[in-house]
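Trainee: Pulled from TrEMBL, these are the listed features:
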{"type": "ACT_SITE", "residues": "A:Glu472", "note": "active site, proton acceptor"}
{"type": "BINDING", "residues": "A:Thr193, A:Gly232", "note": "FAD binding site"}
{"type": "COMPBIAS", "residues": "A:28-38", "note": "compositional bias 'Polar residues'"}
{"type": "DOMAIN", "residues": "A:189-298", "note": "domain 'Acyl-CoA oxidase/dehydrogenase middle'"}
{"type": "DOMAIN", "residues": "A:531-663", "note": "domain 'Acyl-CoA oxidase C-terminal'"}
{"type": "REGION", "residues": "A:1-44", "note": "region 'Disordered'"}
Amino acid sequence: MGSPSPADQVSRRAQALAGHLRGLHTSMEPSLSPSPCLQYSPPELASPPSDFNLSDMRKLMDGHNLQDRDWLFGLMIQSKLFNPRVAGGRVFVSPDYNQSMEQQREMTMKRIHYLLDCGVFQEWLTGRGPEVEMRKFALHEVIGMYDHSLAVKLGVHYFLWGGAIQFFGTKRHHDKWLRDSENYVIKGCFAMTELGHGSNVRGIETVTTYDSKTGEFVINSPCESAQKYWIGGAANHATHTIVFSQLNINGKSEGVHAFIAQIRDTDGNICPNVRVADCGHKIGLNGVDNGRIWFDNVRIPRENLLNSVADVSPDGQYLSAIKDPDQRFAAFLAPLTSGRVTIATSAVYSSKMSLAIAIRYSLTRRAFSITPNQPEVLLLDYPSHQRRLLPLLAKTYAMSFAANYLKMIYVKRTPESNKTIHVVSSAFKAILTWHNMRTLQECREACGGQGLKTENRIGQMKGEYDVQSTFEGDNNVLMQQVSKALLAEYIAVQKRNRPFKGLGLEHMNKSCPVVPSQLTSSTLRSSQFQTDIFCLRERDLLIRFAAEMSQLQAQGLSREYALLQSYQLAEDLGRAFSDRAILQTFLDAEAAVSSGPLKSMLSLLRSMHVLIILEEDASFLRYGYLSPDNAAGIRKEVTILCSELRPHALALVSSFGIPDAFLSPIAFNWIDANSWSSVQPQQGATVPLQI
Amino acid sequence: MVPFSSTNGNGDQVLVEENLFLRTLILNRPRQLNALSFQMVSKLLELFVAYEDDCNVKLVILKGNGRAFCAGGDVAAVVRDINGGDWRLGAKFFWKEFILNYVMATYSKPQVSILNGIVMGGGAGASMHGRFRIATENSVFAMPETALGLFPDVGASYFLSRLPGFFGEYVGLTGARLDGAEMLACGLATHFVPSTRLLLLEAALCKLDSGAPATISSILDEYSQQPHLKENSAYHKLAVINKCFSRRTIEEILSTLEREAVNSADNWISATIQSLQKASPTSLKISLRSIREGRLQDVGQCLTREYRMVCHVLQGEVSKDFFEGCRAILLDKDKNPKWEPSRLEQINESMVEQYFSKVDDEEWEDLKLPAKFTFSASLLAKL
């Protein structure tokens with residue numbers, strides 16, 4: 001087509017102007033009706049009643065101590081200390097993150113004292129047995145749903161300080177410290193990490209010697225890099241600390257040991273020869289007073305050595321039942337397991353909160369009409385939005401079962417199960433916390449601009465939970481330990497010519513599973529196929545990893561150096577182990593449910609969980625466990641699963657059992673919550689909600 | 001002003017006055033302190049449902065004839081029915097009553113309840129879910145169910161659990177009586193109007209041509225007073241109440257109260273302990289759990305759960321305390337009920353659990369709430 005003539009252009013321009021003027025004219029006529037205002041419509045209205053029982057699903061998810069959890073939710077909702085705020089006629093509780101770091105820390109401490117007075121921490125250190133521990137886990141999870149700082153501050157005191165005394169200490173320590181710690185008469189912290197050494201605890205530089213003349217240990221920070229760093233509770237509140245230090249006896253280093261040292265007196269004054277400084281403002285967790293500690297030849301009584309593993313006699317002889325320093329060191333690290341258990345579970349609850357908020361919002365928020373003059377489309381009716389949120393929902397279900405399993409093996413631990421617990425807790429801690437950060441980011445984006453408001457929680461939680469991939473073991477380091485442990489197991493089996501036993505590796509004793517070349521929908525959804533392909537990947541990667549290692553070592557590389565070189569296979573293997581182990585926990589949970597709508601829903605979620613891993617993890621194509629055609633079929637099946645889960649989305653997040661007050665304004669009537677009247681002072685006589 | 005348009009027969013247990021956009025419903029069984037009969041509940045439900053769709057009605061006032069607003073559901077009649085045969089007859093009463101409570105809680109028009117006298121049990125259910133509750137110097141509020149072998153029902157697990165701190169647990173478990181000033185202080189009442197000004201207030205409301213909560217609120221404010229909270233009010237003890245009634249179990253609540261009693265010569269604490277000791281142990285346990293669950297549920301979930309609970313109470317499989325309580329307090333009036341189980345420690349977790357389960361009966365069904373989704377924040381009962 002040629003360009004229009006100038007005359008045409010002029011006439012078109014005139015027409016357009018006339019059109020504008022006409023438009024201007026008509027728009028001033030009162031008869032033109034404005035488009036109707038958006039009305040909030042609760043998600044319950046559009047969602048069909050669920051065909052599975054929500055409270056049964058919640059029981060399965062939470063797993064234990066449901067009434068204790070609800071009691072604690074209630075304790076927090078009813079107290080003004082938990083900063084209740086009204087929006088859209090509802091009360092929401094959440095810390096005021098706009099407070100200064102100092103104010104947040106003081107509020108954290110006040111909340112602890114309130115919960116203490118209500119009896120929440122009863123038996124947390126003086127009680128024993130699986131029941132007490134499960135209750136403690138449940139309550140700690142609920143606290144974390146309110147505020148991660150509060151949970152971490154308590155975790156340091158009860159799980160790290162208290163746990164160290166329980167596990168490294170002996171009766172004399174238990175009798176002296178546990179009850180006072182449980183009642184917060186003593187406030188404990190846990191000084192392991194140093195400026196120069198984090199994950200590599202064996203490299204710490206703090207040194208302790210023994211003075212047999214006075215019967216005292218002398219703790220010293222010999223250089224700046226030996227200062228204790230990130231010590232939660234140290235900056236403001238802790239009166240005592242566990243100190244991890246090299247122990248030098250008669251000029252010989254006996255390795256890392258744990259001691260109790262007082263750092264503040266009862267009035268809060270820093271003890272002599274101790275220096276404390278603040279770690280400063282952080283990207284999150286500002287309610288926790290992380291601090292730094294220097295020890296200038298601090299003297300502590302000989303009895304303050306936590307001596308379950310090794311002791312020093314009054315005359316200065318080193319005594320230990322465990323001769324191997326490696327094993328001695330491993331025994332010292334055992335209590336960190338409980339920290340990894342609580343981190344893994346709290347990551348799941350954080351994911352649940354963000355998904356509940358984002359999915360409820362996506363069921364009430366509309367954007368764009370597909371056809372003119374039709375209502376705009378609900379966010380969750382967009383297949384792309386389903387694809388963003390529903391796989392994460394399914395994975396969160398899977399990880400909920402994984403966390404429950406982890407807690408269970410932890411509370412039923414025996415000396416024989418220690419290795420399994422170490423490997424599984426390392427793997428699950430890393431995978432569940434990575435999943436959480438990814439979920440938080442996706443949910444934040446899925447809430448659009450509203451996700452940026454602190455009151456809507458998700459955005460803030462990103463900062464609050466980011467630390468999870470670092471503390472109690474850097475995720476990458478933990479995953480390396482997982483693949484190292486698997487390799488050691490593999491080599492032991494080869495060497496001793498015995499079958500695999502433990503760590504879920506028994507499938508390696510059977511013949512290699514065969515994945516059908518044609519994958520139909522029903523195959524993809526079968527637990528047999530799902531198990532087979534995860535086992536296939538784990539088996540193959542373990543064999544490859546072992547082969548690469550032995551090849552590198554045959555070329556003259558040391559084992560340690562070979563491990564560094566094989567990091568790619570090690571990472572893939574760590575993932576493969578974790579995915580297979582998590583799937584197993586899902587299948588076990590499913591098997592315990594009798595046939596019915598609940599079981600069908602679980603099976604749907606499991607298929608989504610597995611297929612999304614098959615779609616997203618490049619290792620399946622990289623190593624040829626799936627053909628490109630299969631991968632395309634899986635991708636298609638994922639979209640079908642999304643549409644099948646869509647009608648159940650509300651029921652699935654309601655089953656998390658999170659009280660409304662712990663969600664946020666956008667999870668409910670966000671139009672009311674943002675109305676003009678909501679920013680006006682209340683009219684007329686109003687009754688204070690709380691006094 | 002129109003005096004009133006009489007309702008149909010039934011001895012006019014509910015009177016209706018019509019004024020412009022206002023309907024005034026008067027509970028009219030003064031000799032029974034306006035205890036809610038099945039007829040009254042049915043009539044109220046019928047009227048409330050009709051007014052919801054009637055654009056000539058913008059405001060509903062509920063009040064009582066005589067010295068009571070309403071002393072509760074007519075449980076004596078319910079017990080007579082059941083003793084005559086089937087527990088399901090009793091369940092029917094509660095079904096209808098709870099549906100009425102739900103309709104009030106989700107009502108699209110403001111309800112003003114004038115609580116110029118006794119407000120107990122079912123009377124609280126008929127008023128607390130509405131937007132405005134007017135207390136006077138004559139108000140006496142109580143949820144006395146645990147002394148009757150029942151539990152605070154009519155949605156009390158919703159409104160008690162939303163009182164400040166753990167005041168709701170205190171009120172619901174001990175059956176403590178509150179006066180008008182205390183009702184206002186804790187939020188059970190939204191306004192306090194001296195009874196001498198009630199006629200003027202009603203006249204002012206008659207003239208309204210708007211049902212906007214803000215407009216009604218400003219009229220109520222004009223007639224309201226800030227009453228003086230009496231020196232020995234339980235509400236001054238909120239710190240102790242929170243400390244004790246926040247505990248996890250009834251046993252822990254009692255032992256915390258007893259520890260407090262050692263450190264103080266306060267009569268209030270010993271009276272509180274006594275009222276707990278006199279109450280049905282089973283009632284205490286299920287009531288505490290009900291209030292705790294109610295705190296995390298919406299009003300519909302609360303009523304549905306309470307309906308399950310009340311059916312179990314009527315069935316009497318775990319305990320027959322409700323019948324014993326009615327006998328001792330309402331019928332024989334010996335005030336000496338013999339509870340069974342008689343001690344807290346005899347009631348285990350699974351016995352309590354039973355009250356919260358579905359009822360194992362072919363014809364039984366869960367409470368079916370009318371579909372209502374148009375909650376407006378400005379009309380929710382401010383608790």
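Cβ coordinates come from backbone N, Cα and C, glycine included.
Have a look at these and tell me how they're positioned relative to everything else.
Mentor: A C-beta separation below 8 Å, combined with a sequence spacing of at least six in one chain, links A:Glu472 (active site, proton acceptor) to A:Leu336, A:Gly339, A:Arg340, A:Ile343, A:Lys429.
All protein chains considered, the CB of A:Thr193 (FAD binding site) has 19 other CB atoms within 10 Å.
The average pLDDT the prediction assigns to the domain 'Acyl-CoA oxidase/dehydrogenase middle' (A:189-298) is 97.
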Trainee: Count the other Cβ atoms sitting within 10 Å of the Cβ of A:Gly232 (FAD binding site), across every protein chain shown.
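Mentor: Cβ-Cβ neighbours of A:Gly232 (FAD binding site) within 10 Å number 26.
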